[in-house]
Amino acid sequence: MSSRLPTAFILITVMIDAMGIGIIIPVMPELIMDIDGGTLASAALWGGVLTSLFAVMQFLFGPMVGNLSDRFGRRPILLGSLLILALDYLVMAVAHAMWLLVLGRLVGGIMAATQSTAAAFMADTSPPEKRGAGFGLVSAAFGMGFVLGPVIGGLLGDLGPRAPFYAAASLAFANFLFGWAVLSETITPDRARPFVWARANPFGALRQIRALPGLGRLLVVLLLYQLAFNVYPAIWSYYTTAAFGWDPSMIGLSLGIFGISIFAVQAGLIGLAISRLGEAGTVVLALGFAILSFAVLGVISNGWLALALTPVSALAAMCVPALHAIMSRRTPHDAQGELQGIFTSVGALAMIISPLMMTNIFAAFTNPDATFRLPGAPFLAALLLVALGLVLFLTRRRHASADYVATGRNRP
């Protein structure tokens, strides 16, 4: 069996997870109105609740799923999650009550936490110096899924609001069968770690991980970056409408270019950057691109300049896999799943906080009573977050650090 097949399965799994988030976006308003019988406004309120519940479940269960994979292995967690996810999509496809849709999003958020197990598999099968590129592939697969999801959902939505859910269920089940055939276990019994609840919840896991040299500060940098980068999904459509007068087709085109650019960065450029600059240098470069992009988007009034800036903005996405690689090197082998679970929780926490923060800033600077109208104000707030993260990252060497190799011993 080709050694590339398990890696292909992992990347497809991550892509399907991301597609599951995006595939329902185009049809969710129609589906909610079909179930609830309410107006578009009430559907939007329900949509906000469902999105928040999804992110909350990711935050709460990311460390648990990661710890379960450290104890029982990557294979059963990944395959079990895919099978449950397929059933979850089927339940939502036939739902005729809001409580079933809520239940579906709760289960979907828990199962989406399997990205942490997928990343842990990449850590298991990659030497420390190549983990950055491996994590880049995982991020690229997620990005591609997030781009494809809304497109596929929109096309299938012509067949009815439930069609995308049947498609997502079919994809998840097909990938379950693929994984059953090709995925081998990377956690041997001697490397399995006991499951301890204190480490399996996001707060206990954070305390455990922070005890490792230098990781607490790096996790703060990661959170600040993700809070800032989530400004794009939070306010892009509102910002471009207010600042440039774009219509939905133009907004969709810009998001497509952005998604493809991120895929190119994380599928290829991240490996090149790490090989030339190292992981730390790549983080600094990525944060620099983020600061540049946010500064320009905060003040411009020319939509074509914003579109031209898209590839530069996407270069900032190198930050996450490079940070992941640094922290992975500083974490013992038997805690890789736990670490990846923490990454999932940090990302979910940013998904919960950032949209609320950025949309409120946008509203404050664009409402009719605003003293100073500035649609790009959220990008300037994001700039401040990234600048703080850059300062914390550049001063991290004042703290003790230690890297781990596969055996879990300190590097000399």
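One is the number of the first residue shown, and numbering goes on along the chain from there.
Glycine is no exception: its Cβ is also placed from the backbone N, Cα and C atoms.
Averaged over the domain 'Major facilitator superfamily (MFS) profile' (6-399), the predicted model has a pLDDT of 81. Annotation source TrEMBL lists domain 'Major facilitator superfamily (MFS) profile' at 6-399.
Residues or ranges marked as transmembrane segment by TrEMBL: 7-28 (among others).
Annotation comment: TrEMBL describes 40-65 (among others) as transmembrane segment.
Remote same-chain partners of the transmembrane segment (77-100), defined as residues 6 or more beyond its termini with a Cβ less than 8 Å from a stretch Cβ, comprise 10, 13, 16-17, 20, 24, 32, 35-36, 46, 65, 68-69, 107-108, 111, 114, 117-118, 121, 162, 165-166, 168-170, 172-173, 175-176, 179-180, 183. The transmembrane segment annotation in TrEMBL covers 77-100 (among others).
Residues annotated as transmembrane segment in TrEMBL: 106-123 (among others).
Residues or ranges marked as transmembrane segment by TrEMBL: 135-157 (among others). Below 8 angstroms of C-beta separation, residues 7, 10-12, 14-27, 30, 115, 118-119, 122-123, 163-164, 167, 255-256, 259-260, 262-263, 265-267, 270-271, 317-318, 320-321, 324-325, 328 of the same chain, each at least six residues beyond the ends of the transmembrane segment (135-157), sit close to that stretch.
What TrEMBL lists as transmembrane segment is 163-183 (among others).
Sequence-distant contacts of the transmembrane segment (218-239) (same chain, six or more residues past either end, CB-CB distance under 8 Å): 206, 209-210, 248, 251, 254-255, 258, 283, 287, 290, 294, 297, 313, 316-317, 319-320, 323, 326-327, 342-343, 346-347, 349-351, 353-355, 357-359, 362, 366, 375-376, 378-379, 381-383, 385-386, 388-389, 392-393, 396. Annotation comment: TrEMBL describes 218-239 (among others) as transmembrane segment.
What TrEMBL lists as transmembrane segment is 251-274 (among others).
Within the same chain, residues 132, 221, 225, 228-229, 231, 239, 243, 270, 273-274, 306, 309, 312-313, 315-319, 322-323, 326, 374, 376-377, 379-380, 382-383, 386-387, 389-390, 393-394 sit at least 6 positions outside the transmembrane segment (281-300) and bring their C-beta atoms closer than 8 Å to a C-beta of that stretch. What TrEMBL records for 281-300 (among others) is transmembrane segment.
According to TrEMBL, the feature transmembrane segment maps to 306-327 (among others). Here the transmembrane segment (306-327) has Cβ contacts under 8 Å with residues 119, 128, 131-133, 135-136, 138-139, 143, 215, 218-219, 221-222, 225-226, 229, 232, 240, 243-244, 254, 257-258, 261-262, 264-266, 269-270, 273-274, 279-280, 282-283, 285-287, 289-290, 292-293, 296-297, 300, 339, 343 of the same chain, all six or more residues outside its ends.
Panel annotation: around the transmembrane segment (339-365), residues 51-52, 55-60, 62-67, 109, 113, 115-117, 119-120, 123, 202, 205-206, 209, 219, 222-223, 226-231, 233-235, 238-239, 242, 324, 327-328, 331, 372-375, 377-378, 381-382 of the same chain, lying at least six beyond its termini, place a Cβ under 8 Å from a Cβ of the stretch. What TrEMBL lists as transmembrane segment is 339-365 (among others).
The transmembrane segment feature in TrEMBL is assigned to 377-395 (among others). Beyond the ends of the transmembrane segment (377-395), by six or more residues, the same chain brings 217-218, 220-221, 224-225, 227-229, 231, 234-235, 239, 280, 283-284, 287-288, 290-291, 293-295, 297-299, 357-359, 361-362, 364-365 to within a C-beta distance below 8 angstroms of the stretch.
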